[in-house]
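Asks: I have a structure here, written as structure tokens, and I will follow up with some questions on it.
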Amino acid sequence: MDSEALRKYSALHPKPAGLTLQYGTAGFRTKAEQLDHIVFRMGLLAVLRSKAVAATIGIMVTASHNPEEDNGVKLVDPLGEMLHPSWEEYATQLANAEEQELQKVITEICQKAAVNLHKDASVFIGRDTRPSSKKLSQSVIDGIQVLGGQYHDYGLVTTPQLHYMVCCQNTQGQYGKATLEGYYEKLSKAFMELIKQSHCSGESQRHLKIDCANGIGALKLSEMKPYFPQEVLIHIYNDGTKEKLNHLCGADFVKVHQKPPGGLDMKPNERCCSFDGDADRIVYYYKDTAGHFHLIDGDKIATLISIFLKDLLAKVKQDFKMAVVQTAYANGNSTRYLQETLKVPVHCVKTGVKHLHHKAQEFDVGVYFEANGHGTVLFSKAAETKIRQLVKEENDDERREAAKMLENVMNLINQTVGDAVSDMLVIEAILALKGLTVQQWDALYTDLPNRLLKVQVADRRVIDTTDAERRALTPPGLQEKIDTLVKKYKLSRAFVRPSGTEDVVRIYAEADTQENADALAHEVSLAVFHLAGGKGAPPQPI
């Protein structure tokens, strides 16, 4: 390690006094002007991680669905997955180290993680369309070069595209080609092969309106358009030419406010969807003839995909274990429908993509989606090998056809991470193959009315939870109070959990009517305020 170069470059990316940040599920995220030293140091860390695992590591500069003035950075592990938890701690240590301690912290990380500094290192870099992203990705490059790493800068890409590139590189091209053309070709080919197997004509021209949150998704979808078959007519809105990123639009806005985004004109029963700022989340929606807005979120996306896959798995007659993984935020009626009607096992895990991804890996076919629209499908190595074998060797027409469909789904879905473009194509293919309208999809089950609230507290750590965050262990008496309140309403449940990033407690409640869900959420928020050290004025009724 060149101590002099480290000192010199670190001085060019100074750490603001008193700023401490924690690496979480989303990596680091804050106001863009506070991130320069962080991204420089994540360049350093990516080189160390690459040397430790002898593989290419990814770095994405994005703040996803946050406002345009924010930014962030996260690392991507060798198979396109999120950074290993033990390295999250190293990231936090390195980010918060004082200038004069930087070399010492790097040396400690090398010792703990058995990093051989003489090994080669390779890093892939991507960034979103924020005004601050280009300069910040240059700071990443500074960090990589200080420790002698090699890098490939992909420039403007969606977050899932960078995850895809890293996986392709580290599987020596088995997963695909580590280029944007490779990504477009693989997805479009699988999509065309899938819809070719459609026996119903359905709508010959399938129109879809897409709100791209004024983000990177618009740019990449425009590049991908020539690869699509003529049956698919996508119409891009909020393409970033007029308005600010994520401002009154995007998947997060639509999900939270339960209303259509600005900048998209909806006619009755038109199929529409929204991406978030870095295109790793998607939600669908439409307006009925009475003008009512209908949201089709991650739960309904998981349900549609599960129906399709369960049917195909039954046809190939293999003993594959399939399951759906949800968090406590999943609507109660989605869980009921999956378990009772579809007879698909459902597992609940803590909030955060890494928990869902990890659990989904335990099954031959693991479907996971957060209610916010972030999710994908994972196929085990054994299931993948068997399906590809059936396509080549199966003599029974129906079984071979079903195996071929499964193979195309495997090629179409981005198994590294939730991917709005890939998920959209999977959904569009299923709707075409099943001959379903957006209204029929929506009518699979009716969401229970629900309400999300948050309460400011002096210290969020007073709340400790268990049972995948569905029950509170502390403070004493809180869970008993929630249990009592829940008994007052039909089909009701409620839970509380501390925010991962700020001193607030998040409250979720659902019940048979919106009025009851709102009343329950309010009563639970009062209990949190009084028992968990609420700040400011007590919560007011909704």
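From the backbone N, Cα and C atoms, a Cβ is placed for every residue, glycine too.
Taken from TrEMBL, the feature active site, phosphoserine intermediate applies to S64. The Mg(2+) binding site annotation in TrEMBL covers S64, D276, D278, D280. Under the heading substrate binding site, TrEMBL lists E370, A371, N372, R497, P498, S499, G500, T501, R506. TrEMBL lists 388-415 with the feature coiled coil. The domain 'Alpha-D-phosphohexomutase alpha/beta/alpha' annotation in TrEMBL covers 52-100, 104-166. Among the features that TrEMBL reports, domain 'Phosphoacetylglucosamine mutase AMG1' is placed at 178-283, 297-435. Annotation source TrEMBL lists domain 'Alpha-D-phosphohexomutase C-terminal' at 452-525.
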Asks: Quick one: which of these binding-site residues, E370, P498, G500, R506, have their CA within 10 A of D276 (Mg(2+) binding site)?
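Replies: Cα within 10 Å of D276 (Mg(2+) binding site): none.
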Asks: What is the interatomic distance between the Cα atoms of P498 (substrate binding site) and D280 (Mg(2+) binding site), given in whole Å?
Replies: 24
Asks: Compare the C-alpha of G500 (substrate binding site) with the C-alpha of each of the recorded positions S64, D278, D280, and give the closest one.
Replies: S64
Asks: Within the domain 'Phosphoacetylglucosamine mutase AMG1' (178-283), what mean pLDDT does the predicted structure show?
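Replies: That stretch averages a pLDDT of 91.
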Asks: As a test of the contact definition, list every same-chain residue at least 6 positions from the residue listed as 'active site, phosphoserine intermediate' whose Cβ is closer than 8 Å to its Cβ.
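Replies: Correct list: A26, R29, G72, T159, D276, G277, D278, D280, R281.
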Asks: Neighbourhood of the Mg(2+) site (S64, D276, D278, D280): other residues with Cβ within 8 Å of the Cβ centroid, in order?
Replies: T62, H65, D128, T158, T159, G215, A251, F275, G277, A279, R281, H374, A420
Asks: Within 10 Å of the Cβ of R506 (substrate binding site), how many other Cβ atoms can you find? Include all protein chains, please.
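Replies: There are 20 of them.
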Asks: Within 10 Å of the Cβ of N372 (substrate binding site), how many other Cβ atoms are there?
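Replies: 22, counting other Cβ atoms within 10 Å of N372 (substrate binding site).
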Asks: Quick check on the domain 'Phosphoacetylglucosamine mutase AMG1' (178-283): DSSP residue counts for helix, strand, coil, in that order please.
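Replies: Its residues divide into 36 helix, 18 strand, 52 coil.
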Asks: 10 Å Cβ neighbour count around G500 (substrate binding site)?
Replies: 13
Asks: In the structure shown, which of the binding-site residues D276, D278, E370 has the fewest other Cβ atoms within 10 Å?
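Replies: Counting other Cβ atoms within 10 Å of each of the binding-site residues D276, D278, E370 gives the minimum at E370.
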Asks: Would you mind splitting the domain 'Phosphoacetylglucosamine mutase AMG1' (297-435) into helix, strand and coil residue counts from DSSP?
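Replies: So the domain 'Phosphoacetylglucosamine mutase AMG1' (297-435) is made up of 81 helix, 20 strand, 38 coil.
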